[in-house]
Amino acid sequence: MTVPKLVLASSSPRRRELLAQIGVVPDRIQSPDIDETPHAGELPRIYAARMAAEKAAAVPREAGECVLAGDTTVALGRRIMPPARDNDTVRACLKLMSGRRHRVFSGVALIAADGTLRRKLSESIVKFKRLSSAEIDAYVDSGEGLGKAAGYAIQGRAAALIPFMSGSYTGVVGLPLLETRTLLLTAGFHV
Ligand SMILES: Cc1cn([C@H]2C[C@H](O)[C@@H](COP(=O)(O)OP(=O)(O)OP(=O)(O)O)O2)c(=O)[nH]c1=O
């Protein structure tokens, strides 16, 4: 079986780095351009799976190419936390998550060269300590939360504010590597 070519449908440097961690280098990378607005009442796990599939489908495939995409969604109960585009959102998210557990759903989707869509979803639980105003201010000032789901990055200084997590660490960072490897193996990649 000839090894297909891999296209990573992502603008996220984390996803590229996580793939590199298991020795996978995409043949090309293209940003997916999709509407990321949740449907009314859409549950976070359904949303994460849908987003991953839509991102993969949004990038055109050439003959012999497979497209891989992911989506990391942070959920407080049934509420989908927003991506933090500014400091006010980072602050608001941290206040909401302070002293509580939340879930992180990380969807992965792979469209094989024959057009078949395969999907996996990882689910993790992350707890933040009770955050003081000074801790929230310092984190906002670090700028690390910008561009991240729910305004934090576990792979950075937020790690020192998290007493507990269970599930997939790589899923929280942006691409669950066990699930991703399984999908890649099924599609004929050597991982
Ligand atoms: C919770 C968390 C999220 N994140 C990041 C991973 C993702 O880049 C981002 C979640 O947003 P996503 O919409 O999953 O991804 P994205 O828009 O950054 O990139 P893409 O083009 O692939 O859609 O948050 C971390 O880096 N660390 C964390 O601890």
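Including glycine, each Cβ sits where the backbone N, Cα and C put it.
According to TrEMBL:
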type     : residues : note
SITE     : Arg14    : site 'Important for substrate specificity'
ACT_SITE : Asp71    : active site, proton acceptor
SITE     : Thr72    : site 'Important for substrate specificity'
SITE     : Gln155   : site 'Important for substrate specificity'
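When the C-alpha distances from Gln155 (site 'Important for substrate specificity') to the recorded positions Arg14, Asp71, Thr72 are tabulated, the minimum falls on Arg14. In this structure, Arg14 (site 'Important for substrate specificity') is part of a helix by DSSP. For Gln155 (site 'Important for substrate specificity'), the number of other Cβ atoms no farther than 10 Å from its own Cβ, over all displayed protein chains, is 17.
Cα to Cα, Arg14 (site 'Important for substrate specificity') and Thr72 (site 'Important for substrate specificity') are separated by 11 Å. In the three-state DSSP assignment, the secondary structure recorded for Gln155 (site 'Important for substrate specificity') is coil.
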